[in-house]
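Written below as structure tokens is the structure these notes are about.
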Amino acid sequence: MGDRLLRAARGEVLDRPPVWMMRQAGRYMAAYRELQSKYTFKQRCEIPELAVEISLQPFRAFAPDGVILFSDILTPLEGMGIPFELVEHQGPIIDPPIRSQAQIERIRLLEPEESLPFIKTILSTLRREVEGKATLLGFVGSPWTLACYAVEGRSSKDYAHIKSLAFAQPPLLHQLLSKLADSIARYVIYQIEGGAQVVQLFDTWAGQLSPVDYECWALPYQKQIVDQVKARYPQVPLILYINGSAALLERVGKAGIDVFSLDWMSDMAEARARLGSLAVQGNLDPMVLLGSPEFIRQRTLEVIRKAGSRGHIMNLGHGIHPSTPEANVHYFFETVRQSAELIHLR
């Protein structure tokens, strides 16, 4: 059933949930590490043959119900006039960081056909490869999280620079976030037109905001993207992921998304009640996959049982840890595929 993930994202009741993993193409796989040793991260993201191969590695190994584009949330920034460097094992570096009116005014509206032609090539190739066997996912970064990188200049522990901008010069940050939202909306549409059937928005760092600041700095710009995309493609499900979302669950649906991707720090049953009619994705602690097969099965089935059969996509609550044994990943996928029978037998 190649459309299982698509059907779950639309809120349907299924015999068992579809399953994929955030960062399912990555360093935990020996096949990926072989390519990592030969090519830079930028090459792996932007050379279509490499990105397609990397995206398909976990599909061949584990047969997930979803295949996701191998890329990076910062990929569109260069097309907007925000250069960055991806440093292996350090993450992205934006130097100089974006902190002034003049810098924000120089940011261009993204023209993905011009600056990101490889993305459409990758997606269209993947769609042909997985058609009828899995759902193809695209993904983007959401404005608050992209702004965190742009303003801080790199990963941050306290987000001092962007919060200083928010609280001392709010019009400046609103201008930046709105520009980012318009460009990312274009990027989502471009991915859909390239073949993506579902698109996930990563607003990973929105969990660092208080509820009142989430409603000011993250939610409006998530909605700005969703509104523009839904005006063109109302039938395409959109997933939103926020790390550390426990304080925000009653608010995330206001963005107009179809599915909320839950981190592992919330109880699935309690989150379901708080999310209302939204479909849900998640939310196994990635570190569970470092445990014994029996423990992996127990915790996986517990999440599935609590989520229920309507509108649930099984996933981790964050990206898979690089040290995870591939055998444990295989066991996780097999457990989900057998979950209807296993839960019935318990």
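Note that Cβ sites are derived from N, Cα and C of the backbone, with glycine treated the same way.
As the structure is a computational prediction, the values presented were derived from the model and not from experiment.
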R23, Q24, A25, G26, R27, D72, Y149, T204 bind substrate per Swiss-Prot; candidate in H174, H312, H318 listed for that same site: H318
Can you name the residues of this chain that are 6 or more positions from A25 (substrate binding site) yet have a C-beta less than 8 Å from its C-beta? Y32, I54, S55, Q57, P58, I68, F70
Let me know the DSSP-derived helix, strand or coil state of Y149 (substrate binding site), please. helix
Looking at substrate and its recorded binding residues R23, Q24, A25, G26, R27, D72, Y149, T204, H318, figure out the farthest C-alpha pair and report it in angstrom, whole number. 23
